[in-house]
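Per Swiss-Prot, the feature active site, proton acceptor maps to 368; the stated evidence is sequence analysis. Per Swiss-Prot, the feature ATP binding site maps to 251, 252, 253, 254, 255, 256, 257, 258, 259, 274; the stated evidence is sequence analysis. Annotation source Swiss-Prot lists compositional bias 'Low complexity' at 23-38. Under the heading domain 'Protein kinase', Swiss-Prot lists 245-500, citing sequence analysis as support. Residues or ranges marked as domain 'AGC-kinase C-terminal' in Swiss-Prot (evidence: sequence analysis): 502-573. What Swiss-Prot lists as phosphoserine is 543, 562. According to Swiss-Prot, the feature region 'Disordered' maps to 1-53.
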């Protein structure tokens, strides 16, 4: 299967070019930058409960806030204070003009330009089930910004609504180049922006009434409330097809198909659409892996895993509709920077630990952890993708012998053919952490056979910059005996290691209450600047497939693949 970018191995690129990583030695604060909601129940211990299927459209309108304040001990940034002094009446004048918050065709650019005139007022990141919208203020003041913004989200399961308020510390560099949906390009979110607090709640999808509440802000400055109006419209049994989407950009390609950025025509939400040609996966005996990916994605209920929104099919193709995570692959950032500092490496590996723990709770082994399969969201949190190599129905005592994965990350028990368990994922977590800290996997060699020999026999060595706690953790994760490997008794043993225990509150991390140490440069929900131009410059087309004459028996293998927006959460089709 494929992630969102294919074919380029980092060992052939920037890691060997001598580029240095940018230092960032600040520990993450306990102030949430992310607004990604935890679907369903936000508590890790209850995460084995699959998401409750629901379908329809959720309209969220955020009007304004009141009583917001800066975090204790933080003063108004100088550029913001200067803007307030220079333009004392602009914000209030714009706020009193007729709101154009519901962005539609003719008024889209005017709405966006109005918002950009008052960049110094708090902006909002609104999110539902990993679909994110950045909303600049129309007017008001620092304590009481006015947004008057509405957005419609697709509902495929019960999830939380979250909204986080930030204050820029400087004016965005780029002039807003307007998009057709009213979202401008520019440096909208800065890594130094101040979090003023957030709200999180689960909407009542059993009621058809509009709720209108002032929700108390948590974190940040610790004061104030935000007015949110919510209404839900159940689905009417519509069947999804490729015509339900506007194709925007190609963001990845593979032998089985491609991944495109798309906009759903009715709600205008942005998604990643993965297309898979049936004939290719049938000819390569990959049907089981493909169906496993769909099964896992429909089950997961974790804030660090890309959720499946819908799936549907035609006679020739399968389609997976996923949340579009546009901060780029970890591969992209690691290749550019060479390596990460310990704080950043710890943050990513801790979130991955929670994602793998969640998969293991469903008796699923991931088996393909690597930087290419890890995405960064708007705010800098990770999102694990590409579940084509997952192995299902693996209890703690079960073993499997399938030889699969990426050479640099293969565990010794897999290479030796003795069978392996869930512990194989802890080995790959160790390899990834080592690579983030040093720039290369621990046993890397350009000759694959020599690399396999090193994985099986070479002593584990560390560069001088790797500190003692990290060395201890890596030694435990990279134990060649899976029966002695750290994590053999469960993820909690890894969480308890000083490398994590001294620095990470895993409950806060699960609830997105720890600010990521890095935020990718993302201008808007449709920004694809973090993806390879080799793909994004290609014209997005759902290419015609020659009639493959798949028999009815073969087509029956794909029954149950479709998962869409009918009242029962299923879009059923036979071909």
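Any Cβ shown, glycine's included, is placed from N, Cα and C.
In this structure, the C-alpha atom of residue 253 (ATP binding site) lies 18 angstrom from that of the residue listed as 'active site, proton acceptor'. The residue listed as 'active site, proton acceptor' is 19 Å away from residue 257 (ATP binding site) when you measure Cα to Cα. DSSP assigns residue 368 (active site, proton acceptor) to coil in the three-state reduction, outside any helix or strand. Between the residue listed as 'active site, proton acceptor' and residue 259 (ATP binding site), the C-alpha separation comes to 19 Å. Comparing local CB density within 10 A for the binding-site residues 253, 257, 259, the maximum falls on 259. In the shown protein chains, 25 other C-beta atoms lie within 10 A of the C-beta of residue 251 (ATP binding site). Mean pLDDT, taken over the domain 'Protein kinase' (245-500), works out to 85 on the 0 to 100 scale.
In the three-state DSSP scheme, residue 257 (ATP binding site) is classed as strand.
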